[in-house]
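Residues or ranges marked as region 'Disordered' by Swiss-Prot: 1-101. Under the heading phosphoserine, Swiss-Prot lists SER62, SER117, SER118, SER120, SER166. The compositional bias 'Basic and acidic residues' feature in Swiss-Prot is assigned to 69-80. Feature annotation from Swiss-Prot assigns motif 'BH3' to 126-148. The transmembrane segment annotation in Swiss-Prot covers 188-208 and rests on sequence analysis.
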Amino acid sequence: MSSHLVEPPPPLHNNNNNCEENEQSLPPPAGLNSSWVELPMNSSNGNDNGNGKNGGLEHVPSSSSIHNGDMEKILLDAQHESGQSSSRGSSHCDSPSPQEDGQIMFDVEMHTSRDHSSQSEEEVVEGEKEVEALKKSADWVSDWSSRPENIPPKEFHFRHPKRSVSLSMRKSGAMKKGGIFSAEFLKVFIPSLFLSHVLALGLGIYIGKRLSTPSASTY
């Protein structure tokens with residue numbers, strides 16, 4: 001005899017229990033922990049209206065609004081904010097401190113003031129030179145205009161030059177008073193005549209002696 005084994009069907013309550021256990025053991029979806037929640041269209045609209053009326057809950061964008069362009073706007077806003085923050089950081093890094101900026105401005109002002117002072121001194125010196133030159137030219141013109149003119153005299157008087165007085169016995173005081181035979185004339189004339197004769201006699205004797213000595217030595 002052949003026997004046929006027939007397996008009994010599994011109990012239904014066990015399947016239901018297994019389904020419940022599987023549902024309980026499944027982890028919650030990752031979307032619930034994030035800030036974005038996907039909700040059905042109708043339920044999301046209803047919740048949005050309710051939240052708008054109450055005014056106390058935050059607006060949670062739906063998947064349709066994200067796909068319709070909200071995500072692009074959010075990305076653009078984030079990009080702009082990141083660009084602004086980076087530009088601020090670079091500007092803070094590149095821009096000098098207020099003390100350095102003040103020092104640079106002070107140095108620039110000192111340099112410009114020195115340049116202006118040197119230029120002003122040069123201009124003052126040049127101005128003084130020009131004023132002195134103008135004064136000299138004005139003085140020369142005034143001197144030339146105020147000088148006396150060379151006016152010739154009205155009458156010409158011709159005068160002969162004075163002759164030099166020659167020394168002579170005739171114009172002496174003795175000759176004028178008594179002539180040749182006056183006592184004053186004789187007092188001057190006789191001594192001078194005697195002295196002249198004595199000098200002539202002495203000179204003749206001296207010359208004769210000098211001439212006689214070489215002739216005697218030759219013999």
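Any Cβ shown, glycine's included, is placed from N, Cα and C.
For the motif 'BH3' (126-148), the mean pLDDT of the prediction comes to 73. Cβ environment of SER120 (phosphoserine): no same-chain residue six or more positions apart lies under 8 Å away.
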